[in-house]
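Q: Pasting a structure below so you can have a look.
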Amino acid sequence: MSFDSVKNIDGIQSSGEFKNEESLSRVDPVSGGTQESKEGVSAVYEAKSQLINEYLQTEIGFGRYQWQLFVLTGLGWAADDIWLQGVAIILPQIENELRPVRVEYATMALYAGLILGASTWGVLADLIGRRLSFNITLFIAGVFGIAAGGANNFTTLAALIACLGFGVGGNLPVDGAIFLENIPQSHQWLLTLLSVWWALGQLLASLIAWPLIGNFSCPSATDCTRADNMGWRYNFYTLGAITFLMWFLRYFVFNLQESPKYLLAKGRDEDALKVLEHIARVNGKVLSLTLDQLQTVSGEKRAAGVPMSNLQIIKQSFSSFTLSHVKPLFSTRRLAINTSITIALWGLIGLAYPLFNGFITLYLTTHISDASSSVSTTYRNYVIISILGIPGSVIACLVVDWYRKDHSEKSMTDDRSGMSFSIGGRKLTMAVSTALTGIFLFLFTTSTKEADVLAYSCVTSLTQNAMYGVLYAYTPEVFPAPHRGTGDALCSAFNRMTGILAPAIKIVTTPVSGGASQTTANGPIFVAASLFLVSAILMMLLPIETAGKAAL
C-alpha cells in the first residue's frame, strides 16, 4: 500500500490536498502544529484520514455495522422531529386546558432547551468523543418527555419541555457526524437518505396523536378539565416511552465504537486501528492495515500510550479547552466564507421552518373558512401531510447521487482552483428544493378551502424534507472530523437560536383570540416563505461542493 495511492482511489478525491512527506513530519498530529491543509486540519491528520478512507472503501466496505448504525442514528433524527412535532401537535389542547397567556411559550421553551442541547453535546463530541453524546441524549429526552405528560400547570410543562429539548437537541449535530465517519465514500449518499428518519418521526408523531388526541380531547375551551383532556398527556407518555426505547437499543443492544477519525484527531492511532478492526470483524472482513502503515504515512513513529479511563479523557479535554475547534473552520478565505454561509443557512431555515411547522395544527384549524373541522379531521390531515413528506427525502437522495456521478469530476477540479461558485450536486438540489418550499408557502397563504390548505401543506412537506435531507448531508461533509462536532454544533445551535424567535413572531403577528384578519394570520407564513427564498439564493453561493468526495 503506497502513500501515493491514497491520493486517488478509483476516482475518489478527498476535499483536502496532500503535503509532501518532509512537511508532514514537522506537524503535530493532535494540535495541527504550524502547518495546516487548506481544509483547516493538520497535514498529518489529513494523510491518515485519507488512508483510513481508502481502507473503508476497499476492505471494510459497507456492511452489518454500518446498517445498524444507519438505523440507530436514524432513530435519533426521528426523535428530533418527534418532539418538534409532538409539541406542535398538542398546542390547541394545552390552550384549552391550561389556559396559558400565550400557548406559543411552550414552543419557545422547547427551543431554549434545543439551543443549549445542540451547543453542549456538539462541542462535547469534539472534546471527549462521540459516544457519550450519542448514548445519553435520548435518555434525557425520554425521561423528561414522560414527566412532561404529568404536568399540572403550564409553567411546569414548559420547564419539562425545555429539559427534554436539552436532551434531544444533541442528536442532529452528533448522529450525522458518527454515521459519516464510519462509512466509505461510495455510500456517503446515505447521509442524505438518513433524513427519511426525520420524516418518519413526524409521521409517527402524527399517527400516535390522531387516535389519542382525536378521541380524548376537549372540543373547545369551555369546561375543559384534565379528565376530559387526557389525549395530549397520553401522547407525551407514548412518545417518551418510544424515545426511552430508542436509548435502550443504543446503549444495551448496539456496541457502538468511538469514531476512528475522532481518535486520529486526538493522536490515538492504536485505538483508531482497534475500532477499524472491530468494524471489519462485524462486517465479516479482515483488515490488513497495521499501526506501522498508519504512522508511516505521516513519516512518524509514536510509542503506544497507556489507555486512559473516561474520567481521565474528560479531565484532559477540558483542561485544554480553547477555541481550537472553532478557528480552523475559518482558517482560509474559502473555508471562512463557506462556514459563514452554512451557519447563516441553518439560522435562516431555523426560523423559517417553525414559523409554519411549529404551529401547523393551529393553521389547519384556523385557516379554513368553508368548513368547521373536527379535532379528528385536523389530525387526519396532519397524518396525510406527514406521509407526503417521506418521498421528499428519497427524491433528494436520488437526485443528489445522480448529479454527483455526472458532475463530481468538474466540481472537484473547480474546488481545487480556489474560490469557485459552481452549482453541482448538493448545492443545486438544496437550492431548488428550498426555493420551491418558499413558493408553495406563498401559495398556502392564498388558500381558504380545506382541499387547498391540505394540498399546499402536503407539497410543502415534500420539498422541505428534500431540502433538509441535503442540508443534513452537506453540513457534516464540509467540516473535517477533528472539528466536525463543533461545526455541526455551531450550525445546530444557531438554527435553534433563530427558531426561538418563531413563537415571538407568531405572538406579535397574531391576536390572543379571534378577530384576526387573513393578512394578519398569514404574517408568520409570509416571513417563512421569504426566508426560504433568501436561503435558496445563499445556497448557490456556497464555494465548496462536497459531492463525489470522501469526507476527511
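Note that Cβ sites are derived from N, Cα and C of the backbone, with glycine treated the same way.
Keep in mind that this is a model prediction, so the values were computed, not measured.
According to TrEMBL:
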- 17-38: region 'Disordered' (REGION)
- 69-547: domain 'Major facilitator superfamily (MFS) profile' (DOMAIN)
- 105-125: transmembrane segment (TRANSMEM)
- 132-151: transmembrane segment (TRANSMEM)
- 157-178: transmembrane segment (TRANSMEM)
- 190-214: transmembrane segment (TRANSMEM)
- 234-253: transmembrane segment (TRANSMEM)
- 335-356: transmembrane segment (TRANSMEM)
- 382-403: transmembrane segment (TRANSMEM)
- 424-444: transmembrane segment (TRANSMEM)
- 525-544: transmembrane segment (TRANSMEM)
Q: Near the transmembrane segment (105-125), which same-chain residues lie under 8 Å Cβ to Cβ, leaving out any that are not at least 6 residues past its ends?
A: 83-84, 87-88, 90-91, 94, 132-133, 137, 154, 157-159, 161-170, 172-174, 177, 262, 325, 354, 358-359, 484-486, 488-490, 492-493, 495-497, 499-500, 502-504
Q: Please work out whether the transmembrane segment (382-403) lies in contact with the transmembrane segment (190-214), by counting C-beta pairs under 8 angstroms that are 6 or more apart in sequence and asking whether there are at least 3.
A: yes
Q: Taking only the residues in the domain 'Major facilitator superfamily (MFS) profile' (69-547), give me the average pLDDT of this model.
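A: Within the domain 'Major facilitator superfamily (MFS) profile' (69-547), the model's average pLDDT equals 83.
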Q: Pairs of Cβ atoms less than 8 Å apart decide it: which stretch in 132-151, 234-253, 335-356, 525-544 has the most with the transmembrane segment (157-178)?
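A: Comparing 132-151, 234-253, 335-356, 525-544 against the transmembrane segment (157-178), the winner is 132-151.
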Q: May I ask for the residues of the chain that lie six or more residues beyond the transmembrane segment (335-356) and have a Cβ under 8 Å from a Cβ within it?
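A: For the transmembrane segment (335-356), the far contacts come to 38-40, 84, 107, 111, 329, 363, 419, 434, 441, 444, 460, 464, 467-468, 471, 474-475, 478-479, 487, 490-492, 494-499, 501-503, 505-506, 524-525, 527-529, 531-532, 534-535, 538-539, 541-544.
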